[in-house]
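What Swiss-Prot records for this protein:
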REGION    1-204  region 'DHBP synthase'
BINDING   R28, E29, D33, R141, P142, G143, H144, T145, E165  D-ribulose 5-phosphate binding site
BINDING   E29  Mg(2+) 1 binding site
SITE      H127  site 'Essential for DHBP synthase activity'
SITE      E165  site 'Essential for DHBP synthase activity'
REGION    205-425  region 'GTP cyclohydrolase II'
ACT_SITE  D337  active site, proton acceptor
ACT_SITE  R339  active site, nucleophile
Amino acid sequence: MTRLDSVERAVADIGAGKAVIVIDDEDRENEGDLIFAAEKATPELVAFMVRYTSGYLCVPLDGAVCDRLGLLPMYAVNQDKHGTAYTVTVDAKNGVGTGISASDRATTMRLLADPASVAEDFTRPGHVVPLRAKDGGVLRRPGHTEAAVDLARMAGLQPAGAICEIVSRKDEGSMAQTDELRVFADEHGLALITIADLIEWRRKHEKHIERVAEARIPTRRGEFRAIGYTSIYENVEHVALVRGEIAGPNSDGDDVLVRVHSECLTGDVFGSRRCDCGSQLDAAMAMVAREGRGVVLYMRGHEGRGIGLLHKLQTYQLQDAGDDTVDANLKLGLPADARDYGIGAQILVDLGVRSMRLLTNNPAKRVGLDGYGLHIIERVPLPVRANAENIRYLMTKRDRMGHDLTGLDDFHESVHLPGEFGGAL
């Protein structure tokens, strides 16, 4: 296993104007970025970064800073597969030459970090790429963008960093991997940490959810404890349906059966046959009830995979005209999946969950939660309830979104797919 340094050392080095290396999850980019605080940018630091990286230097910024400086998205519909929020490139208006030299880019970086800067201090386009970090940092999105802003803030500096991916010296056509990054860090006296470590540190020292209420809820699947939460950054309410003891005198929080369910008014409440959401929720509650211990976390704000109820209804119109669920979203200028699992991960941790068996057919959901320090020991498939109205939707989820759904090609209306729950479960 690769030796890593402490988050405390990385924060101290950032505060002292040094660079650090941050590695993300192996199921994500699986790359190491060189990171330093933008307000500490010097020609020497920038030259070092250019020499050992791809050279595509970016400056992650807090969202409020982006708004103050008028940094608009580079493209109206973000199609980056990791959701990196690129904005229009900039140069400092004064004090630079062409904008590309290490000295010029250091000047632009420091200006972006300066709380006194205004939009008119920059020319567009330029040679530095500002990135908009998610509010909540790595707890909301486990990316290098958020890691850079978090590290700067934790060091007591302005919420602005500088990042770029380190290139492999073994194979210059690819990015450096973990073992090579450790060697590089030791050669140059740099701290090496992971985003997972940063998430764990922030989770231990900060809290971004509030437990508000708890009540007994009898359901047709048995009795649950409904625990209500609000997310501090978004003021969105979420509910965890809990069965049995998750963590306590007789339980250690391990091996918990968990369903993280995205809100779906049409499917969960109205019983729409256009999706399988309602049947998945019912199946998850039944499976947790049968086990006698587990959590069904109902995530508000996830309607239509995060695009909202009214947009979802608009996509239904497009689907009736021939588009599939992915193309309908894209045609409206919306992402195929805009959901964020960071708050859900914090709720699970607050409930005492340490390791889980995750009820899902969506491998991406596993990746979305795994980066938050929650150990997923097994992905438990949910039964598929197909019908004539949702069969195309299910096939699209399988073929274009990577969902693990079997038996769809053999479907016809008179036959239930294997594993389908009946009402007696």
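Using the three backbone atoms N, Cα and C, a Cβ is placed for every residue, glycine included.
Structure coloured by features recorded in Swiss-Prot.
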residue	record	DSSP (3 states)
D33	D-ribulose 5-phosphate binding site	strand
H127	site 'Essential for DHBP synthase activity'	strand
P142	D-ribulose 5-phosphate binding site	coil
E165	D-ribulose 5-phosphate binding site	strand
D337	active site, proton acceptor	coil
Site of maximum Cβ density within 10 Å, from recorded positions H127, H144, R339: H144
Rounded inter-Cα distance in Å - P142 (D-ribulose 5-phosphate binding site), R339 (active site, nucleophile): 13
Candidate recorded positions D33, H127, H144, E165, pick with smallest Cα gap to the residue listed as 'active site, proton acceptor': H144
Between E165 (D-ribulose 5-phosphate binding site) and H127 (site 'Essential for DHBP synthase activity'), the C-alpha gap once rounded to whole angstrom: 16
Chain-internal residues, separated by at least six, CB under 8 A from D33 (D-ribulose 5-phosphate binding site): I21, V22, D24, T53, H144, A147, A148, I163, C164, E165, I166
Integer mean pLDDT for the region 'GTP cyclohydrolase II' (205-425): 88
Other CB atoms within 10 A, centred on P142 (D-ribulose 5-phosphate binding site): 28
Cα distance (Å, whole number) from the residue listed as 'active site, nucleophile' to H127 (site 'Essential for DHBP synthase activity'): 31
